[in-house]
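J.: Found this in Swiss-Prot, in case it helps:
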| type | residues | note |
| --- | --- | --- |
| BINDING | 257, 259, 272 | divalent metal cation binding site |
| DOMAIN | 225-480 | domain 'GP-PDE' |
| CARBOHYD | 333 | N-linked glycosylation site |
| TOPO_DOM | 1-40 | topological domain 'Cytoplasmic' |
| TOPO_DOM | 62-83 | topological domain 'Extracellular' |
| TOPO_DOM | 105-121 | topological domain 'Cytoplasmic' |
| TOPO_DOM | 143-154 | topological domain 'Extracellular' |
| TOPO_DOM | 176-189 | topological domain 'Cytoplasmic' |
| TOPO_DOM | 211-491 | topological domain 'Extracellular' |
| TOPO_DOM | 513-539 | topological domain 'Cytoplasmic' |
| TRANSMEM | 41-61 | transmembrane segment |
| TRANSMEM | 84-104 | transmembrane segment |
| TRANSMEM | 122-142 | transmembrane segment |
| TRANSMEM | 155-175 | transmembrane segment |
| TRANSMEM | 190-210 | transmembrane segment |
| TRANSMEM | 492-512 | transmembrane segment |
């Protein structure tokens with residue numbers, strides 16, 4: 001890359017010291033960058049891109065990181081919110097790779113050798129291995145998150161494109177400098193083709209790859225999706241409690257989504273986990289049964305448990321607002337609600353109820369009749385059947401026969417439907433496979449889960465989704481418009497202006513650097529000629 005001593009100022013020496021960890025000045029024969037150094041610089045650039053990509057992945061996965069936290073708790077038995085840790089580690093990796101890459105580019109511009117120190121080489125390899133391990137782990141354990149990442153590009157691609165254009169434009173100066181420094185024609189042509197090939201692809205990205213439902217006119221924007229509280233309002237109150245039910249109503253949500261199990265004596269109650277240890281004080285009340293299945297406890301035993309103190313000891317969501325004094329006192333006194341009790345409270349708050357029904361263990365008394373036990377509890381509550389959104393597929397035909405006014409919710413598209421569905425409840429990753437307009441024409445409403453971040457809510461809003469299940473109803477309630485909305489003509493104008501400005505800057509940089517290189521060659525030839533004249537005169 002560099003083939004001349006270049007500037008030997010203190011500034012350049014400091015940069016070289018940080019990059020190579022050597023303060024001493026190199027002799028002339030060592031002032032050149034070897035092929036090995038070029039390979040390491042390429043690895044540095046690759047590491048920067050990998051760490052930047054991993055930062056993007058981390059930011060997108062924050063929407064689903066509560067699943068990761070619960071997964072680790074089930075396997076390790078210790079609760080920790082990994083949001084801050086993930087962001088901190090990835091930010092450090094990106095910062096280190098960015099600073100090292102910046103040092104390398106500045107050294108190249110100063111004509112200094114790119115002798116990367118062994119410590120930096122080891123750290124770069126560790127970063128590559130760490131990112132690779134993260135990607136492999138993501139692919140093995142949470143493969144559905146790749147669908148989340150692809151979906152996120154519909155929300156971020158227009159802005160990533162502008163960032164990519166800015167980045168390739170800034171990269172033009174060191175590329176032009178390298179182009180005019182190297183002499184063999186082959187490497188010069190290869191460098192030029194590679195750089196301008198990548199540049200052309202970036203310029204044409206909106207035409208080739210970018211599409212988003214939020215590129216639309218304001219008048220075409222669908223109505224704001226309704227909100228479904230995921231286990232209630234778990235950022236404001238302990239999940240699956242009556243306090244969480246009340247907070248859901250205060251958020252303006254229309255539906256309370258919960259999970260139902262059947263106790264050992266046949267009482268349906270609210271609980272998500274197969275073990276009670278995460279959301280109750282079972283460890284202190286029944287220490288010998290801490291690993292027992294939630295359905296193995298009788299209703300009398302479940303009533304002895306506290307379902308709120310854990311929420312005050314370890315807030316499950318990073319960044320959630322602290323509770324006021326009255327809310328803290330209410331949370332401390334929460335217990336596990338029975339389904340019948342919940343239905344009566346929901347009716348008073350004008351909330352609908354949607355729930356997952358979890359089958360008890362095989363040796364359970366109600367293993368075969370848990371659906372009937374749950375249905376009996378619903379009917380015994382003497383509430384409107386229309387307020388219950390029935391999601392379980394088990395014995396659905398019998399449920400419809402006994403409770404015909406109950407709304408049937410399907411958790412899949414197609415399949416063995418017992419009637420024409422009116423509601424679909426699907427993961428948000430299924431959005432690309434859905435034809436929302438066609439479903440609406442068939443009078444089918446679509447609810448997608450679990451949506452916590454404004455960027456994702458905005459995307460689903462633009463796509464015309466009817467409602468979303470969320471942990472952050474208090475946040476999404478405040479949104480009056482999507483985060484961004486661009487009319488097609490305006491986006492086209494931004495795209496053209498951005499590309500044209502970049503093209504002008506690229507041409508200017510290459511012309512300017514070419515002029516500098518020409519003057520340097522002329523000056524060098526003049527100096528050589530004067531030296532020969534002086535030598536001839538001295539003879």
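Here the Cβ of each residue, glycine as well, is placed from N, Cα and C on the backbone.
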J.: Hey, which of 41-61, 84-104, 155-175, 190-210 has the most Cβ-Cβ pairs under 8 Å against the transmembrane segment (122-142)?
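T.: Going through each listed stretch, the top one turns out to be 41-61.
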J.: Please list, in sequence order, every residue of the chain apart from 257, 259, 272 whose Cβ lies within 8 Å of the Cβ centroid of the divalent metal cation site.
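T.: Here the non-site neighbours turn out to be 230, 231, 239, 240, 258, 260, 270, 355, 356.
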J.: Cβ distance under 8 Å to residue 259 (divalent metal cation binding site), same chain, sequence separation 6 or more: which residues?
T.: 231, 240, 270, 271, 272, 355, 356, 358
J.: In Å, rounded, how far does the Cα of the residue listed as 'N-linked glycosylation site' sit from the Cα of residue 257 (divalent metal cation binding site)?
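T.: Between the Cα atoms of the residue listed as 'N-linked glycosylation site' and residue 257 (divalent metal cation binding site), the distance comes to 22 Å.
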J.: Which residues, given as numbers and ranges, are at least 6 beyond the ends of the topological domain 'Extracellular' (62-83) yet have a Cβ under 8 Å from it?
T.: 141-142, 145, 148, 273, 275, 277-278, 314-319, 450-453, 456, 471
J.: Once the chains shown are all counted, how many other Cβ atoms turn up within 10 Å of the Cβ of residue 257 (divalent metal cation binding site)?
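T.: Counting Cβ neighbours of residue 257 (divalent metal cation binding site) within 10 Å gives 25.
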J.: Per DSSP, what is the residue tally for the topological domain 'Extracellular' (143-154) in helix, strand and coil?
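T.: In the topological domain 'Extracellular' (143-154), the DSSP-based counts are 10 helix, 0 strand, 2 coil.
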J.: Which whole-number mean pLDDT does the model give the topological domain 'Cytoplasmic' (1-40)?
T.: 65
J.: In the same chain, which residue numbers or ranges, 6 or more beyond the ends of the topological domain 'Extracellular' (143-154), come under 8 angstroms Cβ to Cβ?
T.: 57, 60-61, 63-64, 160, 210-214, 427-429, 431-432, 455-456, 459
